[in-house]
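Here's the structure we're looking at; comments come further down.
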Amino acid sequence: MFHSVICSESRKLIAQYMLGLDAEVTYHNFYPQLNQFHPLHFFTSPDSSIISKNISCASIGMNTVGIIRAPRGDGKEAIVLVTPYNPKKVVLGEALSLGVAYSVFSLLSRVTWLAKDIIWLVADSQYGEYSSVSAWLREYQAPQFHRVVVNSETCNESSTIEGKLYSGFRRAGTIAAALVVKVAEDGNHFDDSLNIYAEASNGQMPNLDLINIVNYLAVHKQHLRIKVSKMWSLLGSKWLNTLGVVLECIGQYARRLNPQWKFGIPANEYVEGTATLASSMYYQGLGVPTGPHGAFRDYQVDAITVEISPKVSPTKMNRHIDFIFRGGRLIEGVVRSINNLLEKFHQSFFLYLLTSPSKFVSVGVYMIPFALLGAPLPIVAASLYMFSSKTTPQAPVASEVDFSLESWKWINSAKKVFVIHLWGVAVSLLPYFLCRIPGLTPTNNLTVWGSFAVLSLVILFSMLGYPTSVAVPSEAEKREWANLKSVTLSATFIGLSLMSVINFATAEIGALLIVPFCLMARPLMLDIQARSMRTLLLATCNLALGFIAFPPCAFLLLKSAFDSSGGYNISDYWNWMESLWAWNSATYLYIGIVHLPCWALCIHILFHPS
């Protein structure tokens, strides 16, 4: 009861301040959605009617929205400012972010140059920052006409506010861009800085010009230190620092040969650029938004989250006015830059990887390593098919029949590959049923999931005629693995190519893990029978690549390499997969439908009794 009173009073206070600026103010009610895995949510938007059954006024989230109509605009475009806050527990950082946004909103209500409407969304984040912004956007872009209705008399808070609150849902023009404003709780002990978060769902990024505007205004106008996320474990890596020193020496030598060559980059810039690039690729490949700005990218609206971090902790800061002034001037400059645009951002990159706040790797550059990784797959597949199609010399008439039958032997391998990929689909859908069993811990869920996957795979291989005991395999049986590997390589190439269209970072990371294993996989029996140092080394490499490419092992190895916190547990893999399907990340589908079946087929090739 006490918390509900605090929430009500804070909303009324915010609405009262908005009304004092002659803004159109309204409340937007939304309901907490059930965060449950559903396979169809990967292909369609989640149904907004799936909500908690026990709905009351206390469980309703309520956004406060204020709209300023542009004096020089036609109402066709709008700019959105978002400040998330939790009314049940307002911390100082959220209070400062509200102060920064209010100062900008107050200024914009008085200017005459405004050509786009301004929407200030004070997002109720008690159920998560993303969910509140997503609920408002869903109603703004695609209104729902069949909603659960709660008694308006008991939930209406507008009667006690001095001023006119608009009923219903208020809209402005098409959203040109959005900016999420936050203030960090902890100081950075160096200087006032600005953290930029740009990654949205499935690797989507805003137009690079939006980041460039924020970077230029923050550095050259407000003298803020710009930061983007980094893999901090790489900054202290000895091998990376050594590599940076080597590259710096090579650059200095190259500049002595030709002073016009700009290779003289310090070693620390190599290290920081690599750490930033790894972080950018990781968060894009993860497919999970790094902030509430991700909700806007789902509707193709350019948006980023800017988190202003003061030099010291806000609790010890005695210069709140100066801090709000600098943050407000930055937001004002960004709004003014977007306001002056005659059209949406479109003349810069949407596909890129950041290496620093002002440097990036474009799609034309990072497609090259992916192409080099993927190109050998169809070439080796064709070569293996020709190898498996070789026949012994026979009579002229019979040879034509045998050649015709031999050319269709790939159908059997294609059937195996198709069935194993169907097995991957079944394994991917199993968590939908596990989530319905109450009382299971992450370790239990992972155990059941793994047991079902292994048991079903063994049954499938036995049904497909896995040659377990062949005393003297025939020539055709010896070449069967080559045919199977040829189709497997083709399926891997198709899966990676399709994934590169959906989320390139996922395809790039997946190719680094699975392509070497697919190319090198061959029956261990052949290497053992050869009994040479080269073949034994090849067999060892195959076993090592098979271990690294296995999804749970790859997850734990990468986590131990990039996460210095320690305390790793096998149940972390279930929690990670759970976060992927909760955010409808395409990475989850790639792991289950492409990566895992191709890995299982390569393991099948390794233990083929040739």
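FYI, residue positions are counted from 1 along the chain as it appears here.
Positions of Cβ are set from backbone N, Cα and C atoms, glycine also.
Annotations in TrEMBL come from automatic prediction, not curation.
Noted in TrEMBL for the protein shown:
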- 363-387: transmembrane segment (TRANSMEM)
- 417-434: transmembrane segment (TRANSMEM)
- 446-467: transmembrane segment (TRANSMEM)
- 487-515: transmembrane segment (TRANSMEM)
- 536-558: transmembrane segment (TRANSMEM)
- 587-607: transmembrane segment (TRANSMEM)
Contacting positions for the transmembrane segment (363-387) when only residues 6+ beyond its ends and CB under 8 Å are counted: 349, 351-353, 410, 479, 482-483, 485-487, 489-490, 492-493, 496-497, 500, 504, 507-508, 511-512, 515, 518-519
Long-range neighbours of the transmembrane segment (587-607), counting only residues six or more past its ends (CB under 8 A): 42, 202, 285-287, 416-417, 420-421, 423-425, 427-428, 457, 461, 466, 481, 484-485, 488, 491-492, 495-496, 499, 503, 506-507, 510, 513-514, 517-518, 521-524, 542-543, 546, 549-551, 577, 580-581
Surrounding residues of the transmembrane segment (536-558) on its own chain - C-beta under 8 Å, 6+ positions past either end: 513-514, 516-517, 520-522, 524, 527-528, 568, 570, 572-573, 576, 591, 595-596, 599, 602-603, 606
